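First the structure, in the form of structure tokens, and then the observations on it.
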Amino acid sequence: MHGHRVPGGPGPSDPERSAANTPGAAPLACADSDPGALEPGLPVSRGSGTALGGPLDPQFVGPSDASLGAPPSSRVLPCGPSPQHHRALRFSYHLEGSQPRPGLHQGNRILVKSLSLDPGQSLEPHPEGPQRLRSDPGPPTEIPGPRPSPLKRAPGPKPQVPPKPSYLQMPRVLPPPEPIPPPPSRPLPADPRVAKGLVPRAEASTSSAAVSSLIEKFEREPVIVASDRPAPGPCPVPPEPAMLPQPPPQPTGSQLPEGEASRCLFLLAPGPRDGEKVPNRDSGIDSISSPSNSEETCFVSDDGPPIHSLCPGPPALASMPVALADPHRPGSQEVDSDLEEEEEEEEEEKEREIPVPPMERQESVELTVQQKVFHIANELLQTEKAYVSRLHLLDQVFCARLLEEARNRSSFPADVVHGIFSNICSIYCFHQQFLLPELEKRMEEWDRYPRIGDILQKLAPFLKMYGEYVKNFDRAVELVNTWTERSTQFKVIIHEVQKEEACGNLTLQHHMLEPVQRIPRYELLLKDYLLKLPHGSPDSKDAQKSLELIATAAEHSNAAIRKMERMHKLLKVYELLGGEEDIVSPTKELIKEGHILKLSAKNGTTQDRYLILFNDRLLYCVPRLRLLGQKFSVRARIDVDGMELKESSNLNMPRTFLVSGKQRSLELQARTEEEKKDWVQAINSTLLKHEQTLETFKLLNSTNRDDEDTPPNSPNVDLGKRAPTPIREKEVTMCMRCQEPFNSITKRRHHCKACGHVVCGKCSEFRARLIYDNNRSNRVCTDCYVALHGAPGSSPACSQHTPQRRRSILEKQASVAAENSVICSFLHYMEKGGKGWHKAWFVVPENEPLVLYIYGAPQDVKAQRSLPLIGFEVGPPEAGERPDRRHVFKITQSHLSWYFSPETEELQRRWMAVLGRAGRGDTFCPGPTLSEDKEMEETPVAASGATAEPPEASQTRDKT
């Protein structure tokens with residue numbers, strides 16, 4: 001691989017200097033302009049000879065061993081004209097001798113470093129052979145005979161080099177050293193750049209180094225090439241490092257080690273001319289001639305005096321100021337900037353240390369309080385001016401232009417404009433003619449009357465007019481959006497006004513919002529004004545009164561907003577119901593609405609329903625299967641007057657509650673506990689408000705009742721006047737009147753609409769008009785018909801219900817027995833020798849604690865059988881019996897055995913304790929009432945009428 005030069009490469013002196021500055025490299029051989037002259041006396045490694053592949057390099061050659069004795073002074077750099085325009089410099093490294101040559105020693109190879117430099121247009125090409133480093137020994141000898149042909153290289157432009165620079169041909173006069181400014185008041189920190197700029201010296205080695213190590217050295221060393229001033233005569237080659245005289249110590253205090261001058265790059269700058277400013281070394285600003293960080297390309301000046309010199313001159317260099325040209329210097333700017341910041345901080349500290357006279361401090365505090373009050377009053381005035389300009393824009397620009405268009409061309413109705421701007425004209429007149437002039441006059445007379453409370457107190461009541469505007473705001477914004485899409489002319493006028501400078505690039509809706517925000521702004525400013533007023537100010541009383549009036553106006557606006565929101569909610573509900581109910585009324589308020597589950601009165605299944613609670617009524621709605629329009633249909637309307645709320649605690653039906661009203665009773669179930677809590681709280685608060693309203697107007701329930709129509713022996717005066725709570729059909733196994741067991745074919749179940757009991761068809765043959773159902777005729781049982789209308793004279797069914805009939809000992813209603821019981825719950829039971837388990841409702845009454853009653857359902861009026869408990873022993877089943885249910889225990893007496901299986905282990909423990917004490921004949925003492933939640937599968941539901949059950953019917957007493 002042959003060494004080649006890039007077109008426009010530099011003269012031979014440039015690579016020579018680069019090689020001289022490389023650690024461990026020997027100086028380059030530099031010949032005169034004569035191409036055939038070899039420089040004697042240069043040290044080389046073993047062997048001598050000429051370069052292969054062409055004639056000897058006219059400027060850089062590998063000298064023979066015989067030339068080592070020549071004195072160093074005989075080495076002269078070539079001279080020639082110097083170009084002044086240089087652009088960029090690139091290095092390339094090539095290996096020669098890559099092909100085997102016969103008869104030559106193949107152990108050593110030549111590393112060629114070619115240097116290219118862009119010359120000016122006036123330079124002529126100068127062919128030149130490959131350059132060889134002085135540290136490379138070169139070929140041993142030249143063998144006579146035919147030479148091997150050189151390697152072919154890629155076609156390209158012919159390598160050219162410029163002639164030698166003039167400063168290398170004649171000696172140059174070094175400029176005097178530049179003056180150094182005096183040192184700062186305090187010592188400077190150590191310059192971190194000195195340590196990094198110095199490269200440790202390495203002795204020249206006669207042994208050949210590896211090619212890779214040489215390449216790494218050249219790549220690490222930045223070479224800076226710059227034009228210099230032309231100087232006549234040749235430039236002598238610098239002597240060996242050991243022969244250089246030691247430079248005197250520099251004023252900055254940094255000492256260069258011995259022999260390091262030839263290995264460092266120096267930045268030489270001419271001294272200051274007349275009238276020029278001496279450069280400041282502490283400025284921290286790098287020179288424009290600082291070397292580039294790139295290792296292959298360095299930019300130099302196009303014209304003017306040279307800035308850099310690569311030739312570390314002879315002893316004259318020691319007397320010049322030097323600077324290390326390390327491109328990776330640590331932040332010198334940061335060091336200098338830190339010094340400047342510290343000086344500024346010292347000056348600020350000195351200023352703070354200046355004491356302030358105490359009288360001046362006291363006066364400044366007093367002025368600050370007065371200024372704060374004045375600034376708040378002035379802020380009120382300035383914001384009022386800006387606000388009046390916005391009102392002028394709304395009333396005199398937007399509204400006026402739209403009204404003109406509506407009246408002249410009828411592009412849109414004028415009522416639309418009035419609906420949008422409402423009473424903005426009155427608001428504008430109030431602020432523009434009254435409030436703003438008063439504030440301006442007062443601020444002009446602030447020195448004599450420093451107060452604004454009296455003005456606001458006088459005019460604050462008129463701020464209530466904002467309530468109408470605020471209430472209409474949502475509708476106004478909706479009208480603007482609607483007619484902007486519907487009417488082109490409406491849209492054009494709005495956009496034209498919005499483009500004006502007075503509009504401030506804001507939309508009409510933004511300006512319409514400002515009156516809504518103005519009253520809260522008055523309130524905030526006045527509160528701040530009161531806080532800043534000094535104690536005992538004469539304006540405190542008026543300002544406090546003004547704040548109360550403004551707060552009243554704000555509350556008036558808030559009330560208008562709430563009223564408007566309520567009306568919107570009513571309209572939405574009205575649309576949900578398809579206009580079926582007349583609910584849009586100023587006195588009606590929507591409290592709560594939402595989905596909920598309703599438990600069926602027949603079998604207890606859940607059904608999805610929708611409840612809407614108002615302040616005077618509860619609407620019970622069912623969903624409609626329609627995609628558009630009406631979504632719900634009203635099934636029942638329950639008045640709040642006479643409504644009762646009962647919370648249920650059934651374990652199998654959690655989150656349930658009972659709403660009982662005059663028109664209907666509903667057993668409802670929420671999906672979550674939080675939902676149940678919200679509904680119960682909303683209904684209770686509605687009932688409480690309704691009672692307070694009745695007390696306020698002194699409306700008594702007794703005045704609206706017709707007690708004369710009710711028989712005196714009626715067990716319940718509300719029979720027929722309010723809807724009963726129906727009992728579920730599966731909670732009853734027999735007719736609650738005749739006690740006949742039900743049958744799905746011959747004995748079907750029916751509900752009495754007056755009391756809610758489950759009766760058979762024979763016991764519900766009568767019909768009566770009920771007040772709660774708008775006096776419509778409904779099926780009622782015999783007892784309710786007698787209570788409402790008296791006993792019929794000739795009724796066949798009446799003879800079957802004679803009151804003189806003797807009652808059985810088992811005719812004890814289960815719900816009444818459970819109300820006053822020791823323990824009761826559902827149990828699975830089996831007698832000894834039985835074929836399977838049966839489920840029944842077991843009750844131990846409080847008045848008969850030694851008897852166990854067995855019912856078919858919790859609402860049966862007659863027990864199926866009873867079992868005396870004295871003498872029974874309670875215990876777990878025997879090992880050989882192995883029942884197929886969990887939590888099994890048994891009671892035994894002689895040859896009689898009963899097996900019981902409760903649902904939970906806790907319930908098993910309680911039953912065993914109660915039955916064990918009853919079997920021993922122990923008497924029970926009254927104990928605390930325990931909830932039936934853990935053992936009851938279904939809660940007995942109270943029935944209104946003759947057998948109405950109190951709310952605590954779902955609780956039992958465990959006297960263990």
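Each Cβ is built from the backbone N, Cα and C atoms, and glycine gets one as well.
Classification of CYS735 (Zn(2+) 1 binding site) by DSSP places it in coil, neither helical nor stranded. In sequence order, PRO741, PHE742, LYS747, VAL758, VAL759, CYS760, CYS763 are the residues of the chain that are 6 or more apart from CYS735 (Zn(2+) 1 binding site) and have a CB within less than 8 Å of its CB. What Swiss-Prot records for CYS735, CYS738, CYS760, CYS763 is Zn(2+) 1 binding site.
What Swiss-Prot lists as compositional bias 'Basic and acidic residues' is 125-135 (among others).
The compositional bias 'Pro residues' annotation in Swiss-Prot covers 137-149 (among others).
The annotation compositional bias 'Pro residues' is assigned in Swiss-Prot to 156-165 (among others).
What Swiss-Prot lists as compositional bias 'Pro residues' is 173-190 (among others).
Residues annotated as compositional bias 'Pro residues' in Swiss-Prot: 231-251 (among others).
The compositional bias 'Basic and acidic residues' annotation in Swiss-Prot covers 273-284 (among others).
According to Swiss-Prot, the feature compositional bias 'Low complexity' maps to 285-294.
Per Swiss-Prot, the feature compositional bias 'Acidic residues' maps to 335-350.
For the domain 'DH' (372-560), the model gives a mean pLDDT of 92. According to Swiss-Prot, the feature domain 'DH' maps to 372-560.
Helix, strand and coil content of the domain 'PH 2' (820-920), in residues and according to DSSP, is 16 helix, 42 strand, 43 coil. Positions annotated as domain 'PH 2' by Swiss-Prot, on the basis of sequence analysis: 820-920.
The phosphoserine annotation in Swiss-Prot covers SER48 (among others).
Positions annotated as phosphoserine by Swiss-Prot, on the basis of similarity to another entry: SER205 (among others).
According to Swiss-Prot, the phosphoserine annotation covers SER714 (among others), on the basis of a large-scale study or a structure entry.
Helix first, then strand, then coil: DSSP counts for the compositional bias 'Pro residues' (156-165) stand at 0 helix, 0 strand, 10 coil. When the binding-site residues CYS738, CYS760 are compared by the number of other CB atoms within 10 angstroms of each CB, CYS738 has the fewest. The Zn(2+) 1 site is defined by CYS735, CYS738, CYS760, CYS763, and by the 8 Å test on Cβ atoms against their centroid, the other residues of the chain that qualify are MET734, MET736, ARG737, GLN739, GLU740, LYS747, VAL759, GLY761, LYS762, SER764. Its Cβ taken as reference, CYS763 (Zn(2+) 1 binding site) is surrounded by 24 other Cβ atoms within 10 Å in the chains shown.
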